[in-house]
Amino acid sequence: MYYFDLIPNPLAFRGYGEYEVAAVEGEGWVWHNTITNVTMAVLRSEHNDEFPVGRLTWEAKEEVCQDPPGDRILTLSSCTKDEFTCTDGFCIPFQKRCDLKFDCEDKTDESFCDIINFPTDYRSKLPPRPGRSRGVSLAQ
């Protein structure tokens, strides 16, 4: 996880370490290593007219966290650790996530809220295996 400070003019987000996210003329939003002068990722062109906050698709140009270059969904957020980041970048209290009510304007707080994730080879028609007998009689 990286943390960024807002730099007002020109607008950029500067991290505690060597990284910044800045608008670059002709390229859009760029995640850049300021020490090695390496472009880590660029925001996909369909998002370039927006601020780079929320969950957006970036094209990684370099290996990031041992993942090879390619499209990645990255999140830039001002939310606290007690808040959920909606895909559009807005923040809601984490207890409102998966509460069967839409709290994010983009409705992403109710996405991927499956209680049970079954494996692809799960067979719902098979009964469960018999359990151990606990010696409780149901008949009198």
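In case you wondered, yes, glycine gets a Cβ from its N, Cα and C as well.
The disulfide bond annotation in TrEMBL covers Cys79-Cys91, Cys86-Cys104, Cys98-Cys113.
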Message: DSSP secondary structure for Cys91 (disulfide bond), reduced to helix/strand/coil, please.
response: strand
Message: Just to verify a number: CA distance, Cys91 (disulfide bond) to Cys98 (disulfide bond), in angstrom, no decimals.
response: 14
Query: Around Cys113 (disulfide bond), how many other CB atoms lie within 10 A of its CB?
result: 10
Field: Local Cβ density at Cys79 (disulfide bond) - other Cβ atoms counted within 10 Å
entry: 18
- line: Per DSSP (three-state), Cys113 (disulfide bond) is coil
- prompt: How many whole Å apart are the CA atoms of Cys98 (disulfide bond) and Cys104 (disulfide bond)?
  reply: 11
Message: Let me check the 10 A CB neighbour count of Cys86 (disulfide bond). How many other CB atoms are there?
response: 22
- prompt: Cβ distance under 8 Å to Cys104 (disulfide bond), same chain, sequence separation 6 or more: which residues?
  reply: Phe84, Cys86, Thr87, Asp88, Phe90, Ile92
- line: Using a 10 Å radius on the Cβ of Cys91 (disulfide bond), the other Cβ atoms enclosed count 15
Message: Return only the integer: C-alpha distance in Å from Cys79 (disulfide bond) to Cys113 (disulfide bond).
response: 20
